[in-house]
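The feature Fe(3+) 1 binding site is assigned by Swiss-Prot to H15, H57, E61, E130. What Swiss-Prot lists as Fe(3+) 2 binding site is E58, E61, H80, H126, E130, and the listing cites similarity to another entry. The [2Fe-2S] cluster binding site annotation in Swiss-Prot covers C667, C681, C691, C692. What Swiss-Prot lists as domain 'F-box' is 205-251. The annotation region 'Hemerythrin-like' is assigned in Swiss-Prot to 1-159. According to Swiss-Prot, the feature repeat 'LRR 1' maps to 343-367. According to Swiss-Prot, the repeat 'LRR 2' annotation covers 368-395. The repeat 'LRR 3' annotation in Swiss-Prot covers 396-421. Summarising the annotation, Swiss-Prot assigns repeat 'LRR 4' to 582-612. If you look up Swiss-Prot, you'll see 613-640 marked as repeat 'LRR 5'. Among the features that Swiss-Prot reports, repeat 'LRR 6' is placed at 641-666.
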Amino acid sequence: MAPFPDEVDVFTGPHWRMKQLVGLYCEKLSQTNFSNNNDFRSFLQSLCATFKEFKMHEQIENEYIIGLLQQRSCNVYNVHSDNKLSEMLSLFEKGLRSVKSENEQLNYAQQLKERLEAFTQDFLPHMKEEEEVFQPMLMQYFTYEELKDIKKQVIAQHSSQQRWDCAAEVLKGLSLWSQAEELHKAFKYADHEKTDDELEKELCSTHISQLPTEILLCLFRYLGPEDLCHCGQVCSAWSDLAKTGSLWRHLYPVRWARGDYYRGPPDDVNQEPDEEWVKSLQDEGKAYQEWDEDADVDESDASCEDSLAISAAQREKKLLNGMIQNLLPAVGSSVRSIVLAYSSTVSSKMVRQILSLCPNLTHLDLTQTDVTDSAFDSWSSLWACLSLEHLDLSGCEKLTDRTLKKLSLGLGDLASPTCSEKRSDRRAKLLKSPPSPISLLDKRSLRPTGHSRQVLIFKQWPGKLGSAPCSPTRVWVLDASELADIEDAAEWNRRRGVSTPEVRGFVETQPGGLSCCCRRRRGGFRTGFSTSYWQQQYGLGEAGCGHSTCCTGETALRTLGGLQYESYTTRGSAGAEFRTKCSSGGQLCLECDNRTDPSDGRRSLRFLSLSGCYQVTDLGLRALSQRGGLPLLEHLNLSGCLLITEVGLQELVSACPALNDEHFYYCDNINGPHADTASGCQNLQCGFRVCCRSGE
């Protein structure tokens, strides 16, 4: 029995195997007829395999035991050599290679016996020394758990040798042996002694199927998508391996269908394609759409160019269908980027299936495709595209504000949870401190507010169906400098014994008596002041207030729900702290001044291009500015968006504090934000994108 607990005894198990091998070659040494050439060569082959195992055993001990011990104790140095294993292997190989005649065999046998006896007398005491000297030192310098881990690693390395022996020759032929040594640094030994016939057969032939999974996967990384698909058809094991997620991080179906098998990260995002190349792809799509695959008429006389275009489009469609049906269900969660730019066959249904199968996308390019709003139905739930950083929808002319609303929802919500936490903190503080003064006034006695005061007016609901007639409407007038949440105000009234009116809507009043539009969950009454821009333009009584759409340029509010950045229009002014409405919950909250930059990946969009999406309006831009805005957005291209206005641009830009003016593009006819530093319209004289000046 070992003198140490078996769980932490790192030497006894492997040494038992080594001692067993010593006994086997000593027994064969006494039984081998060295006059017989077959027996002689069989014994030498057996010795080669045995001493390779000895050498690998020593290498494992050096790396996983002695090396670690030397790091803990400076008393251990230069104590573990290979015990002349390399010299013995050279002796065996020389015998197999050079000894031919019977006399040479007999002379060699005498030398071999002497060398083996000398090695045995040295090797057995060496193992005993490790068990009696090094094991106690390990117990002294390592914890019990550390020793358990060391033993597991040692056993695992010994157990992995057999398949490595078979794979060695294949790897050397592929010039990958050095890389394999770095990955494993150990061969696997046989659990049972191999027969001479097995050893001779093993030295003569190897097969790639014997490679470890890790090495096969390393080889597969050098293959293109077409070759990977071919490998997946070899056998079921390779089929599973070819569908490893790390092999399919970046997908380029359009390029692959045309023979370009690039599979690295996406190219330069600012590089526009050549117009001739775009035209050729458009011609392909046109030819494919005009071609009827079910036509009864012989179309064999079609031009060669049309035939090539149709063939390319057919390959693309077949490739897309194959990916959706066979590949993405297995690897979709690992896919990070999909580029479908200028695809002539992709449909909204295909895109919808792709997005539902690839929830962790960071890069999506649908430039100049024929998709509609329904393609993004899978983003209609909160946090559906949480990781998305790059979205290129340039030239997708059928997209409307509905897509942007889905995108805003899928990117997540920065405001909701934070606002809830802030309200809890405020309630605790309010219960400990005296409330701010609140005056209850009759509506008829309310005077217009002056330039020096900003107020919020909370109106009582005039009455419900079937209820008794109400007294004249009363309102709360709160000083903006001490303004708090509506829930806090209700709490104060409860503590003071004042009945709380049933609040259903609120009005924000700006300096000079200008008002904001009425915001409410259900239909209510508009205020007696001027109505909002959007209610005037589109009659949207239920539209949530975007503040800047109905406020003057000097006091436009921001809807940024995450970071402390000054609005473009309020930069340099010392206005009062405004309270805005959380876009998701419909409750009131303070505009948080000390909220930190989101680090959990929510609303992480950095690149957004809507170039040529002429159906997008300010409503879509406002949807993006809600739920915390786009705090990380750096690139925004709205070239060719003909229906957006200065108001909508300001709404979105105020929610994008990281926006780089050099990468901010919009129509030159709009007097929008950052007019002096933004880059203007990119679609001027562009032959394949919408532009208001395309007729010039």
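Positions of Cβ are set from backbone N, Cα and C atoms, glycine also.
The shown structure was predicted, so the numbers you read here are calculated from the model rather than taken from an experiment.
Nearest to C667 ([2Fe-2S] cluster binding site) in space, judged by Cα atoms and limited to the binding-site residues H15, E61, H126, is E61. When each of the binding-site residues H15, H57, H126 is scored by how many other Cβ atoms sit within 10 Å of its Cβ, H126 comes out lowest. H15 (Fe(3+) 1 binding site) sits 10 Å from E58 (Fe(3+) 2 binding site), taking the CA atoms of both as reference points. In the three-state DSSP scheme, H15 (Fe(3+) 1 binding site) is classed as helix. C681 ([2Fe-2S] cluster binding site) falls outside any helix or strand according to DSSP and counts as coil. Broken down by DSSP into helix, strand and coil, the repeat 'LRR 5' (613-640) contains 8 helix, 3 strand, 17 coil. For the pair C691 ([2Fe-2S] cluster binding site) and E61 (Fe(3+) 1 binding site), the C-alpha distance works out to 71 angstrom. Neighbour count (other Cβ atoms within 10 Å of the Cβ, all protein chains): 21 for E61 (Fe(3+) 1 binding site). Averaged over the domain 'F-box' (205-251), the predicted model has a pLDDT of 88.
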